[in-house]
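First comes the structure, then the notes that go with it.
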Amino acid sequence: MASAAGDPLLPGEGSGGRRLGFLPSTIRLKTSVWSELGGAVGDLGTYIPIVLALSLASHLDLGTTLIFTALYNFSTGLLFGIPMPVQPMKSIAAVALSSAHLTVPQIMSAGLAVAAILLFLGATGLMTFIYRLLPLPVVRGVQLSQGLSFAFTAVKYIRYVQDFSRSSSASTAAARPLLGLDGLVLALAALLFIILATGSGDDEDVAADGTARRRRSCSRVPAAVIVFALGLLLCFVRDPSILRGLRFGPAPLRIVKITWEDFKIGFWEGAVPQLPLSVLNSVIAVCKLSSDLFPERAELSPARVSVSVGLMNFVGCWFGAMPCCHGAGGLAGQYRFGGRSGASVVFLAVGKLALGLVFGNSFVTILGQFPIGILGVMLLFSGIELAMASRDMGTKEESFVMLICAGVSLTGSSAALGFISGIVLFLLLRLRDVDYRGIVGGWGAGRRQTGNKVGGDGDEDA
């Protein structure tokens, strides 16, 4: 969602642009304030369910996580200049909320182990080597599977009642009621409103002859901000008593005590399944998607992104903040709702920091009443935006590799398994293109020439 032509809040135009000239270029507005604010809340459909579930089921300190992720958001917005997301590490969260039920020290151990490996890969340049080596159809397959996975989860959020005290994706058998403050009608109304306001998410409408035309007036509506604000308002309407549960002031910072046993469990149970997802989705797919969404910018360095994830967790995990990474789905969601610069995630950082400092861990009582159907709608658009990045496959062969990779990832619930399948299939298809007759013929001709030369030398000696 971009601002229309003539928006007075565009950078560099009018007095607003001159007033903001002192800001670093990475966090200057590329569109309007409302557009960047829309991008700021575009990833919360992923963020809120995971941190809420971990806070309720694993006793993660929400206030500490809000403060540290705010610092991460501010740093990445300033460093990268795009709406770079900060998301919880999903595989670690899934294991922590499963029957294994990791403790907080074990969750932090898993985050520190992944951080150490990504920091090593980034600092040595190995991550850049991996990025250059990977075939594009395999990367697109990973993106497509993640996007569709988000979309499937979003539909579950919209259709079924959720119990986040057990898992971030714990759908109950009960269908969501049609009416009510978290009913199906409310979710569908939010869905239709966002579609009317933002359309398919293009920056501008395109006429039949391929020329750009003026955006409709409804495209200037900050749809994501309005929908999220409605959700916050409904928290207090659904349960006014949550005001009595609020406690003012930040949670005290404590260093998490990690034993060797905690580290072993965290590494094998949490870090090992998380590592492939972090490499593929948090670094490789993010760098590729950023070059697709922001072609006018220099390509993100995989090494810098990898080091960024490592440093974030080496700081926050010692204090009990949820292990975090970047993610292609979050980037797609923030772009889909208007984020075009680092200002988007800086706005989000300000909001998280204020909530973490003012309410601390007690803010979980408010999030517990947020309409899950609305979160599902926002997550749906994030997933679709990410999946649409795979539409640039130019040949049937490339699409074949991409779809096999995505299909295996989805059915096997493993990005690593889909990735390996895609690489094997890509190599097999390359083998079919090898001219074996030419190789054998060239090898035979070389042998004959060598034999003739040896025979000629023998005749001369005789």
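Glycine is no exception: its Cβ is also placed from the backbone N, Cα and C atoms.
It should be emphasised that the depicted structure is a prediction, and the values quoted were computed from it without experimental measurement.
According to TrEMBL:
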type: TRANSMEM; residues: 37-60; note: transmembrane segment
type: TRANSMEM; residues: 66-86; note: transmembrane segment
type: TRANSMEM; residues: 107-131; note: transmembrane segment
type: TRANSMEM; residues: 179-199; note: transmembrane segment
type: TRANSMEM; residues: 219-237; note: transmembrane segment
type: TRANSMEM; residues: 345-364; note: transmembrane segment
type: TRANSMEM; residues: 370-388; note: transmembrane segment
type: TRANSMEM; residues: 400-429; note: transmembrane segment
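Residues 134-135, 137-138, 140-142, 144-146, 148-149, 276-277, 280-281, 390, 393 of the same chain sit 6 or more residues outside the transmembrane segment (400-429) yet have a Cβ under 8 Å from a Cβ within it.
Against the transmembrane segment (179-199), the recorded stretches 37-60, 66-86, 219-237, 345-364, 370-388 differ in Cβ pairs under 8 Å, and the greatest number is found for 370-388.
Simply put, out of 37-60, 107-131, 370-388, 37-60 has the most Cβ pairs sitting under 8 Å from the transmembrane segment (345-364). Counting C-beta pairs under 8 angstroms (sequence separation of 6 or more), the transmembrane segment (219-237) fails to reach the transmembrane segment (66-86), with fewer than 3 such pairs.
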